[in-house]
Amino acid sequence: MAALSAWFWNERFWLPHNVTWADLADPAPGVEYPKAGHLLTALPLALGIFFVRIFFERFIASSCARSLHVHPGVGRRAQPNAVLEKVFTSITQNPDSRHLSGLSKQLDWEVRKVQRWFRHRRNQDKPSTHTKFCESMWRFTFYLCVFTYGLHFLWQCPWMWDTRHCWYGYPYQVMTPGLYHYYVTELAFYWSLMFSQFIDIKRKDFLIMFIHHLATVCLISFSYVNNMARVGSLVMCVHDASDFLLEAAKLANYAKYQRLCDSLFILFSVIFFITRLVIYPIWVLNSTMFESWAIVGPYPSWWVFNVLLLVLQLLHIIWAYLIARIAIKAIMRGKVCNDVRSDIESSSEEEADTPSDSLKASPHPNKGENGTNGHCAASKAWVQNHNSW
């Protein structure tokens with residue numbers, strides 16, 4: 001284990017030339033440098049955030065949802081059927097044509113009736129709009145609070161106005177209490193997301209988002225250990241700037257405030273493009289790649305850090321393209337584009353079961369299931385939870 005630890009914490013990888021861990025281990029009185037052990041504080045804090053979230057969603061967010069008439073509605077439930085229930089729980093939740101044909105003959109049902117049963121049974125386990133509202137309200141509250149704190153903290157920091165201060169004196173830069181609290185709180189939140197993802201609304205990209213949260217935790221931890229926390233704080237603030245607006249748009253969507261949802265999503269899109277495609281590359285990447293090269297010089301972990309930030313910029317471009325494409329398509333068509341991450345399944349077959357069912361399924365011909373237009377669909381479709389570091 002000692003050999004493995006020595007290999008992992010190799011000074012030639014983590015630190016600039018002619019700097020050792022011993023140089024950072026014994027700072028002057030009243031001075032604190034980042035240490036890997038500091039990050040352990042994030043684990044109990046993540047557990048605390050998790051319990052705060054449960055309390056918040058159960059009491060505060062739930063009360064707000066009810067006041068906005070977002071009630072825990074009960075959707076259409078599948079009629080009890082022991083044979084189909086056994087297939088659903090033991091064999092498959094999405095039977096193919098062979099299974100459907102066999103079950104149709106066994107129960108003397110039409111194939112479409114069997115299909116509808118499975119569709120209703122799958123949707124039966126899906127969360128209600130009330131549940132999604134509470135989850136989004138928690139994220140909105142946290143993102144807004146952490147962005148407000150981060151902006152207030154950075155406003156007083158010299159590296160906010162001159163990014164070269166991220167590298168002056170590096171790596172002998174003091175870890176101030178404000179910067180430490182900002183970092184640990186962000187890290188704890190993403191740890192809590194990893195824990196809670198297993199009980200949250202299950203989506204099609206569960207594995208992708210789990211990897212995303214894990215990568216975010218690793219990137220925050222990486223930048224803290226080699227004391228790139230100053231530029232790291234800028235990265236976090238840039239990303240936090242748009243996240244709370246997306247959650248606000250989703251809240252308006254769930255509460256059926258269409259115009260507010262549209263306005264918030266347009267505002268989110270504008271802020272997203274400005275922060276991720278303009279400020280991030282010009283302000284942050286320019287500092288990490290060029291200013292740091294001139295002041296500190298490259299070394300192995302410097303290369304790794306910059307490669308990760310460049311990959312992040314590539315993701316920004318992809319997400320921005322997808323947001324713009326769906327938003328433009330929604331505006332051109334004047335109706336909702338399908339949400340590829342939708343929690344509730346639907347189909348034309350189900351909507352056409354009866355005239356009354358069709359009316360219930362689509363009260364407005366140019367609106368989606370929540371009575372909102374394409375802006376909200378776009379917000380739900382591509383950027384939910386893409387609050388990458």
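Yeah, the Cβs are placed from backbone N, Cα and C, and that goes for glycine too.
Among the features that TrEMBL reports, DNA-binding region is placed at 86-129. Taken from TrEMBL, the feature domain 'Homeobox' applies to 84-128. Marked as domain 'TLC' by TrEMBL: 131-332. According to TrEMBL, the region 'Disordered' annotation covers 346-376. Among the features that TrEMBL reports, transmembrane segment is placed at 36-56, 140-161, 181-199, 264-283, 303-324.
Most Cβ pairs under 8 Å to the transmembrane segment (181-199), among the stretches 36-56, 264-283, 303-324, belong to 36-56.
As a whole-number mean, the pLDDT of the DNA-binding region (86-129) in this prediction is 87. Taking H, G and I as helix, E and B as strand and the rest as coil, DSSP gives the domain 'Homeobox' (84-128) the counts 32 helix, 0 strand, 13 coil.
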